[in-house]
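Novice: The structure is given below, and queries will be raised subsequently.
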Amino acid sequence: LKFRLAGYPRKHNEGRVEVFYNDEWGTICDDDFTLANAHVLCRHLGFVAATGWAHSAKYGKGVGRIWLDNVNCAGGEKSIGDCKHRGWGNSDCSHEEDAGVICKDERIPGFKDSNVIEVRKPQARVGSRWRGVGAGRHGAFLRKGHGQRKGQQPQAEWPLTPPLPPGRVSGLLSPCRLFTERQQLNYRLHSVSCVGTEVHLSMCSFEFYRGNASAACGAGMPAVVSCVPGPLFATGSAHKKKQRQPQQGQPRIRLKGGAKVGEGRVEVLKSSEWGTICDDRWNLLSASVVCRELGFGSAKEALTGARMGQGMGPIHMNEVQCLGTEKSLWSCPFKNITQEDCKHTEDAAVRCNIPYMGYENLIRLSGGRSRFEGRVEVAVGAGDGDQPRWGLVCGEGWGTLEAMVACRQLGLGFANHGLQETWYWDASNVTEMVLSGVKCAGHEMSLSHCQHHGTSLNCRNTGTRFAAGVICSETASDLLLHAPLVQETAYIEDRPLHMLYCAAEENCLSSSARLANWPYGHRRLLRFSSQIHNNGRADFRPKAGRHSWVWHECH
């Protein structure tokens, strides 16, 4: 069973419930519906619980079958199929009775959202076959498959649309390579016609071959493409410098709060102040304009409800409605915001399609209690078809910035800790140090892009216990000091020493205070108010565990 939320208007955590059963999407009738049913469905969708449900097609009428009716769950069931109901497809309802749910906006940790357009990673061979996998609102969604023998596209009427910057297409290749295997070709699609701004191939117009597909495309050949990574993904440690050269002046758009490259909360610059975008009407077309403007591919997901953390400062745009052809988000129609319209809990975010670079195949973790932690092992000498040699990273100088890059390369999110000793994770037979002196800026996509000693290894302690390790997390806190408040509230005060015993005990005074004539005299202090905002998606906790906290009479 697969589940998705649909309908309009809605936020990302609410909508009409649609269920994929027997190769067909359908809805659920609202007869006898309860909050317990909503709890089970919200867990299916990756949310921890439900806060409510909706009847009478509040989010619009669905189409297709009404799969379930008179559903009666206790609330603890693992699947909606385990609840009592009339039987699959047995219903006396119309789509005017489609049920919806409102889920609590808190994700189940580690839950993978399948309700997105996903393109599989390409293999070394260029010839790709396209296979239809079900239908959506815009026609059949296509996934790039490999090794299937059916569903190839013909080359007839396949022009090379002027490419958009991110995923530059170098042109159509000779299809001769495909015939090295002398396999029977079965065509599924023809007359594919894209404008070039679509977010996915399924959004282009095309026609299906009906009946005997093997006799189709008599005059044509299979369509073949070759993609070139954009400038952001140029290999080597200088890739960040290369990226900055073409952009003259300060960019007016950026992504914040995302763990991976090409994802984050969308922030725009207006009147010298960075601000966010409200998620009303936020969709894949507008998100794709953002992604392409930043040098990525089209958008994989348009996220609402501050899924990438809440921003600070003004909200500059609302109800952005791009056509998809715009070069910049500022060229799209949008409404200016009023304070009542939106809050930062509605900040829009994106996940962009990025080239598959294979960086995650060059790193792995060993010995940890879960896949999110362990000793870092890297592959060296994997070029020219050689078998890679796995080795350890010297823990000397290894810190949070290096751990951030390692976690990003592994696809595991943010870094909780960078560890210089890992004797407790001694579970692998890899014992050789192969990398030392690793020094990262934090933005790199791979450890190989960071500074390091190269082949001339220089590590004081080469024993496995001194190998670098990481603990990664899908969410993280992100603390930000409210700087203007410090400026506005700062003042100087002369304070008597007898009122400063606690401050002295906690080392808040400068070292010369020790020489003062306690409790007489005074110190001149800079006083100010401060506000620390947590913009991240996890609570901030002190590094020291509770067992090491001490009670102090000063507070």
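Glycine is treated like the rest: Cβ placed from N, Cα and C.
From TrEMBL, for reference:
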type	residues	note
DISULFID	C29-C93	disulfide bond
DISULFID	C42-C103	disulfide bond
DISULFID	C73-C83	disulfide bond
DISULFID	C278-C342	disulfide bond
DISULFID	C291-C352	disulfide bond
DISULFID	C322-C332	disulfide bond
DISULFID	C440-C450	disulfide bond
DOMAIN	3-104	domain 'SRCR'
DOMAIN	253-353	domain 'SRCR'
DOMAIN	363-473	domain 'SRCR'
REGION	145-164	region 'Disordered'
Novice: Report the member of C103, C332 (the disulfide-bonded residues) whose C-beta atom has the most other C-beta atoms within 10 angstroms.
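Specialist: It comes out as C103.
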Novice: Write out how many residues of the domain 'SRCR' (363-473) are helix, how many strand and how many coil, based on DSSP.
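Specialist: DSSP classes over the domain 'SRCR' (363-473) add up to 20 helix, 36 strand, 55 coil.
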Novice: Might you list, by sequence position, any residue in that chain lying six or more from C278 (disulfide bond) with a Cβ less than 8 Å away from its Cβ?
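Specialist: Result: I315, M317, N318, E319, I337, D341, C342, E346, D347, A348.
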Novice: Near C29 (disulfide bond), which residues of its chain come within a Cβ-Cβ distance under 8 Å, counting only those 6 or more away in sequence?
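Specialist: Listed in sequence order: I66, L68, D69, N70, V71, S91, C93, E97, D98, A99.
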Novice: Could you measure between C440 (disulfide bond) and C352 (disulfide bond) for me? Cα positions, answer in whole angstrom.
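Specialist: Computed Cα spacing between C440 (disulfide bond) and C352 (disulfide bond) is 24 Å.
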Novice: At the Cα level, what's the spacing in Å between C450 (disulfide bond) and C352 (disulfide bond), rounded?
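Specialist: So the Cα of C352 (disulfide bond) lies 24 Å away from that of C450 (disulfide bond).
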Novice: For C450 (disulfide bond), just count the other CB atoms lying within 10 A of its CB, please.
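Specialist: C450 (disulfide bond): 20 neighbouring Cβ atoms within 10 Å.
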Novice: Let's check the environment of C291 (disulfide bond): how many other CB atoms sit within 10 Å of its CB?
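Specialist: For C291 (disulfide bond), the count of other Cβ atoms within 10 Å is 28.
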Novice: Can you grab the distance from C42 (disulfide bond) over to C73 (disulfide bond)? Cα atoms, rounded to a whole Å.
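Specialist: That comes out at 13 Å between the alpha carbons.
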Novice: Roughly how many angstrom lie between the C-alpha atoms of C103 (disulfide bond) and C352 (disulfide bond)?
Specialist: 25
Novice: What same-chain residues, at least 6 away in sequence, bring their CB to under 8 Å of the CB of C83 (disulfide bond)?
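Specialist: For C83 (disulfide bond), the qualifying residues are N37, V40, V71, N72, C73, A74, E77.
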Novice: Find, among the disulfide-bonded residues listed as C93, C342, the one whose Cβ has the highest number of other Cβ atoms within 10 Å in the structure shown.
Specialist: C342
Novice: Compile a sequence-ordered list of residues in the same chain as C352 (disulfide bond), six or more apart from it, whose Cβ lies below 8 A from its Cβ; state 'none' when nothing qualifies.
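Specialist: Long-range Cβ contacts: G262, E263, A287, V290, C291, L294, F296, G297, S298, A299, K300.
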Novice: What does DSSP give as the helix, strand and coil breakdown of the domain 'SRCR' (253-353)?
Specialist: 16 helix, 33 strand, 52 coil
Novice: List, in sequence order, the same-chain residues at least six positions removed whose CB sits under 8 Å from that of C322 (disulfide bond)?
Specialist: L285, S286, S288, V289, L329, C332, P333
